[in-house]
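Student: Heads up, here are the entries from Swiss-Prot:
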type     : residues : note
DISULFID : C46-C51  : disulfide bond
DISULFID : C47-C57  : disulfide bond
MOD_RES  : C57      : cysteine amide
SIGNAL   : 1-16     : signal peptide
Amino acid sequence: MFTVFLLVVLTITVVSFPSDRASDGRDDEAKDERSDMYKSKRNGRCCHPACGKHFSCGR
């Protein structure tokens, strides 16, 4: 029974570790201050649909 427990814990650890690492690279743009949702003081542009009605996209 203890062996089964260890196998389950090991499997969960191995499966969750790569998915956590992979998500870090995809979130870089979302963490960047200069992404589409960031309100730029210089030009007032925003290309995200949530703020598009208040700001021009400029593309």
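Using the three backbone atoms N, Cα and C, a Cβ is placed for every residue, glycine included.
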Student: Could you tally the C-beta atoms, other than its own, that fall within 10 angstroms of the C-beta of C47 (disulfide bond)?
Tutor: 14
Student: Of all the disulfide-bonded residues given, C46, C57, which residue's CB has the most CB neighbours within 10 A?
Tutor: C46
Student: Between C57 (disulfide bond) and C46 (disulfide bond), how far is it from one CA atom to the other, in Å?
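Tutor: About 5 Å separate the Cα atoms of these two residues.
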